[in-house]
Amino acid sequence: MHTDLDTDMDMDTETTALCPSGSRRASPPGTPTPEADATLLKKSEKLLAELDRSGLPSAPGAPRRRGSMPVPYKHQLRRAQAVDELDWPPQASSSGSSDSLGSGEAAPAQKDGIFKVMLVGESGVGKSTLAGTFGGLQGDSAHEPENPEDTYERRIMVDKEEVTLVVYDIWEQGDAGGWLRDHCLQTGDAFLIVFSVTDRRSFSKVPETLLRLRAGRPHHDLPVILVGNKSDLARSREVSLEEGRHLAGTLSCKHIETSAALHHNTRELFEGAVRQIRLRRGRNHAGGQRPDPGSPEGPAPPARRESLTKKAKRFLANLVPRNAKFFKQRSRSCHDLSVL
């Protein structure tokens, strides 16, 4: 009798020694123990480490996810649903277009259908009014918009082909150190140098602006159009139509007069810019691109630096008198934006 009691007491003592003091009460069946939780955690960490070492190619631009960030929704799906790791993050829609200067390169097919036009020139000549007219804004005809936008994008039909035309009006906005202007030079497909026919000073700045454009992109055959704006102000005119065309012929540019206030020739201007871009691209693809400076067929690089103002004055003073007949003939076609 005493032997059975002693045996039961010995078994209880051994059970108490094996179990911790705080876990004497039996847990319900199916409840995970701390040891099981630790095992599952180690397995998860091991699986993540194996995925990191597997060398799976990640999608370009995929952000690194911290442990505190939520798991993407697609990874919360049931295990029965197949999920491709390369599907995240989602790719950008091809129907969108680039609206900023610092965007990345587009696909070739998309890039061919997007034309970026830069409005450049002195302040007060009507660049913002031209941009607003292109964007379809209805503003005061006597003043420029008080709060103009920076960029306008529209899809237009030119010669039975639909294109996306983006017009930038950022030449003077917060240009500390000229960084923004230099960025414009590297981004635009065509440049519209706007001057006011009522302000001769803005007209005299055109050669300097053009030289800056060509100095920033010396290896590119960029279309440039001289735009004489405010042609409706006949009594205040200081620059004649003949002077504008003559300067355009001298500088190998196109010329057009517009009135942004009356929407005169504004449609012809932007459609002509698209045609000029197409013509230049077609000529470059056909092998008719200008030779690079320094090559046997191109001009020699300048030996020393010279200010843009001096270059403009020397350029006009040397070329116009000797080749006046040539420039007169060239100026006759400078207003036709459908030909080179």
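Keep in mind that glycine also has a Cβ here, set from the backbone N, Cα and C atoms.
What Swiss-Prot records for this protein:
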type     : residues                                                                                                       : note
BINDING  : GLY121, GLU122, SER123, GLY124, VAL125, GLY126, LYS127, SER128, ASN229, LYS230, SER231, ASP232, ALA260, ALA261 : GTP binding site
COMPBIAS : 1-13                                                                                                           : compositional bias 'Acidic residues'
COMPBIAS : 93-104                                                                                                         : compositional bias 'Low complexity'
COMPBIAS : 293-302                                                                                                        : compositional bias 'Pro residues'
MOD_RES  : SER27                                                                                                          : phosphoserine
MOD_RES  : SER295                                                                                                         : phosphoserine
REGION   : 1-107                                                                                                          : region 'Disordered'
REGION   : 283-308                                                                                                        : region 'Disordered'
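Spread of the GTP binding residues is 19 Å (greatest Cα-Cα distance among GLY121, GLU122, SER123, GLY124, VAL125, GLY126, LYS127, SER128, ASN229, LYS230, SER231, ASP232, ALA260, ALA261). Other C-beta atoms found within 10 angstroms of the C-beta of ALA260 (GTP binding site) number 28, with every protein chain shown included. VAL125 (GTP binding site) carries neither a helix nor a strand DSSP state and counts as coil.
For VAL125 (GTP binding site), the Cβ neighbour count at a 10 Å cut-off comes to 27, with all displayed protein chains included.
Ranked by Cβ neighbours within 10 A across all protein chains shown, the binding-site residues SER123, ASN229 are led by ASN229. Taking Cβ-Cβ distances under 8 Å and a sequence separation of 6 or more, the neighbours of LYS127 (GTP binding site) in its chain are LEU119, VAL120, GLY121, ASP169, TRP171, VAL194.
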